[in-house]
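Asker: Here it is, the structure, as structure tokens.
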């Protein structure tokens, strides 16, 4: 897997980088493992916009991914590595010995023809799924469960991996990609290795159109809106926001203000909060 760039024969191709798709071995999805996808366009069940700047984009078939890895002690052969339009990571098609087919997230370095397995007695190899209690310290894992049997919920993005740093009692301590250190129950499953397509973070859209293909609409700055639409709006010309700090369209402090509920029950499992990420836009004022 790598990236490919173009000669600057148009302004957009000067900046664009795309994946070379070298690891893809099959172009058409397994029909029995696909389903239609409801496109909410950022709306909730009442039709109100709850996630701004969503809509349009290319129609996509959803690939049914096995995040649970609950088919224990049955070997599976990696039959193909495929592109998935619903995520940055690639997916691997598995053929189990009993005839069943499933998709999983493609671990980095996993080749077609490799035999993988899940279960508490599985060998310690990339792509195998084991309980956290059976995974050695210092190991990189992905697709980590937060509740036993619920399926992997965290560390699923392209190139992501968490590290097992400690074990004590009923819990295993993981260092997540965000920098957060968190306790997870020892009987939760995780997959050995790092998620593939590690170069996804290095890709550049190059033009607005590629973002529109993905259903991402333009982001309008609050300072160019009217006062009825945003607290930063209004004024003559390029006016300052008129506040001590930037706020959301609903008046809540943003760009650094903590939003996590202090009474959230899962807070007791967080050993160290994630590191601060810079989300400031142009001039550090917009939301």
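Using N, Cα and C of the backbone, Cβ positions are placed for all residues, glycine too.
Not my notes, these are from Swiss-Prot:
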{"type": "COMPBIAS", "residues": "209-220", "note": "compositional bias 'Basic residues'"}
{"type": "COMPBIAS", "residues": "259-287", "note": "compositional bias 'Basic residues'"}
{"type": "REGION", "residues": "25-57", "note": "region 'Disordered'"}
{"type": "REGION", "residues": "203-287", "note": "region 'Disordered'"}
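Surface or core, plus neighbours and distances: that's what I need for these features.
Answerer: Across the compositional bias 'Basic residues' (209-220), DSSP helix (H, G, I), strand (E, B) and coil residues number 5 helix, 1 strand, 6 coil.
Secondary structure by DSSP for the region 'Disordered' (203-287): 17 helix, 7 strand, 61 coil.
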Asker: Per DSSP, how many helix, strand and coil residues does the region 'Disordered' (25-57) have?
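Answerer: Tallying H, G and I as helix, E and B as strand, the rest coil: 3 helix, 6 strand, 24 coil.
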